[in-house]
């Protein structure tokens, strides 16, 4: 299947192991979402630090500092923003960077906030530059200048804002300009989850969804969930379907493995796209190095899809390396696919010849 380079986010959402949320995820996550920091599983350091920030703000009777949460999709940034609002007993307004393309869009949102309200701005790195610049003043001074008129006759009318808490979320913190990053009083990076934490997530979700699962079934799903709770919950739902149709409803290790084999998610969490990239790299190019464009053609995908959808997990798992000369498979990639690496050929000086010539 081919995806246009403007639809990589949609491509990631369509994959069973994609971290982007689809419509079903959003509906189910609302029911599974923890309501306070005590219910939130994982991210121990972030929770501990955030708890101190919120407790101190409540003790002072003040709004909480602005919060910046960074990390991969599916790790709980939206959930934490809602928990912040709940802990502060404040309403929450949710929007996203792509929805704010003009300073006027942001001014309309800010001017309608209540005192103490939490504004959650997802994908904050995708906000327009004029809106970013307006946000600087709003975060620091709780006011914005609204421009009335055009040209030499334009005037700036200051608009006072009630104190509010901005919670920004981003998957690409490096794209945020320093003046914006510096205005957040608390910043945290969300880490990928370990297997034990994911098993706890799966058991909790299974209880809320009234799904029977034993520890071996939870461990099997956790091992294929790429360190991401959203993926773990999605795999749990698909395995539940299989268990209800093909078995007695109880999810065991055998049932989970059989179900995920049907959905082409292997023991390490790779799907058909991931394995296609690795198989092309190993079988067609001897493990590389090979250029990204050439590899994409061999796989039958767009360059951007290979680079942005498939490669990040393969690199994180130590199966593929990005080098100045191209993509190279690691020994772990050969082992995972059960293939034997070619023996390096020697040149006349007795040294291995990189090009096999």
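Even glycines carry a Cβ here, placed using N, Cα and C.
These numbers come from a predicted model, not from an experiment.
Of the residues proposed, 129, 183, 238, 240, the one Swiss-Prot records at the same ATP site as 32, 33, 74, 77, 78, 79, 140, 141, 142, 193, 230 is 183. In the structure shown, across all protein chains, 327 is the one of the binding-site residues 303, 327 with the greatest number of other Cβ atoms within 10 Å. One way to see the shell of the DNA site is to take the Cβ centroid of 303, 322, 327; the remaining same-chain residues with a Cβ within 8 Å of it are 291, 292, 295, 296, 306, 307, 311, 326. Between the C-alpha atoms of residue 140 (ATP binding site) and residue 303 (DNA binding site), the distance comes to 41 Å. Compared over the binding-site residues 142, 193, the count of CB atoms lying within 10 A of a residue's CB peaks at 193.
Sparsest Cβ environment among the binding-site residues 78, 322 (other Cβ atoms counted within 10 Å): 322.
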